[in-house]
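Chemist: Pulled these features from TrEMBL for this protein:
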DOMAIN    27-62  domain 'Fatty acid desaturase N-terminal'
TRANSMEM  55-76  transmembrane segment
DOMAIN    87-347  domain 'Fatty acid desaturase'
TRANSMEM  88-106  transmembrane segment
TRANSMEM  118-139  transmembrane segment
TRANSMEM  179-198  transmembrane segment
TRANSMEM  252-274  transmembrane segment
Amino acid sequence: MGAGGRMTAKEVSFHTVGGHNPLDRSPTEKSPFTLSQIKKAIPPHCFKRSVIRSFSYVVSDLFFAGLFLYLALAVIPKLPQVLGLAAWPLYWAAQGCVLTGVWVIAHECGHHAFSDYSLLDDVVGLVLHSALFVPYFSWKYSHRRHHSNTGSIERDEVFVPKNRAALAWYSKYLNNPPGRVLTLAVTLTLGWPLYLAFNVSGRAYPRFACHFDPYGPIYSDRERAQIFISDAGIMAASYAVYRIAASYGFWWLVRVYGVPLLIVNAWLVLITYLQHTHPALPHYDSSEWDWLRGALATMDRDYGVLNKVFHNITDTHVAHHLFSTMPHYHAMEATKAIKPVLGKYYQFDGTPLLKAMWREARECIFVEPDEGSEQKGIFWYRKDI
């Protein structure tokens, strides 16, 4: 795919599924339907939240997390050394995936999609996110602004693409296979903490922005008290981790908790990256952007069995951006209902995960309008630096 945004015939035939080529550009015209018309297509029960059902997913995830922890502590040490060395990566992968599901439930709390009670949502979200070293309220507010400004190159909060002029001087030296491997490795391992601590890949602010700073430019005066609560949650989690490390040892903690947490962070970055980074997705400046077009500029993906482990945040993301207070356990039904209404405005790409990640890293380097187009406020990904 070159600067003109075209794939080779071989690539097109590989990615075309069911007569639809996911690399065909998303429509950018104002949609012929309204948000209320989309909502009417969804069965009303899909918007109902159940405390019991929501908590059943919390209990299920924590049960499996506890089971995997038990196997790591009680079974793996008794295995022969060779089998034990092979078993630890399996534990890390399984535990990392389950804890990503826990993260998703806390994310749902931040959208008030867990229950009908805001206080309950915030208590559950604060506990679960703090245990995963996420500042719950800090992320809740910045993430809501992402939902309010999706697809805007001026106001979106995360994975905001750069134009050619804004690329770092070293970008051209990384635009090759070894450079992409390095970029992806750094992004997946450090991307999440760098975003929280330094707003890396986030929108530009007039001064230093940090999710842990109650007085930072990300937050308004009425939000600052809750940012302090988020920081207190992180401090409590840090103290608990310190006490565990003091009792059982630092490397014990790394094996049991640290590596799975790194995997959680990697999944969060990868899921978000692939939801909002794709050759078919447009970005808009203020001359073209509106909320509905921005919300539709996101991509559903297929993660196989992990769709269920991740509570379908992967393959129902379009519906989530349209109706973020809808609980995840209704999102599949809602997605099926809205597809006929959205038609070509619905975006799905079933490309295998690793191939999709590599393709996006190769093709989606910066954005600019089409050369000669009158639509100067609509930006598409390019790869030729």
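Quick reminder: no glycine exception, Cβ is built from N, Cα and C everywhere.
Unlike curated records, TrEMBL annotations are generated automatically.
Looking at the shown structure, what environment does each listed feature sit in?
Modeler: Mean predicted confidence for the domain 'Fatty acid desaturase N-terminal' (27-62): the pLDDT average there is 97.
Panel annotation: around the transmembrane segment (55-76), residues 84, 87-88, 91, 94-95, 98-99, 101-102, 105, 124, 128, 255-256, 311, 328-329 of the same chain, lying at least six beyond its termini, place a Cβ under 8 Å from a Cβ of the stretch.
Within its own chain, the transmembrane segment (88-106) is flanked in space by residues 54, 57-58, 61-62, 64-65, 68-69, 71-72, 76, 114, 124-125, 128-129, 131-132, 134, 136, 255, 259-264, 266-268, 306, 309-311, 313, 328, which lie at least six positions past its ends and keep a Cβ under 8 Å from the stretch.
Residues 51, 58, 99, 102-103, 105-110, 112, 196, 211-212, 218-219, 223, 226-227, 229-231, 233-234, 236-238, 261, 264 of the same chain sit 6 or more residues outside the transmembrane segment (118-139) yet have a Cβ under 8 Å from a Cβ within it.
Here the transmembrane segment (179-198) has Cβ contacts under 8 Å with residues 134-135, 138-139, 158, 173, 208-212, 262, 265-266, 268-270, 273, 357-358, 361-362 of the same chain, all six or more residues outside its ends.
Residues 69, 72-73, 88, 91-93, 95-97, 99-100, 103, 132-133, 158-159, 187-189, 191-193, 241, 244-245, 299, 301, 310, 313-314, 353, 356-357, 360 of the same chain lie 6+ residues outside the transmembrane segment (252-274) yet bring a C-beta within less than 8 angstroms of a C-beta in it.
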Chemist: Using DSSP, what's the helix, strand and coil tally for the domain 'Fatty acid desaturase N-terminal' (27-62)?
Modeler: 22 helix, 0 strand, 14 coil
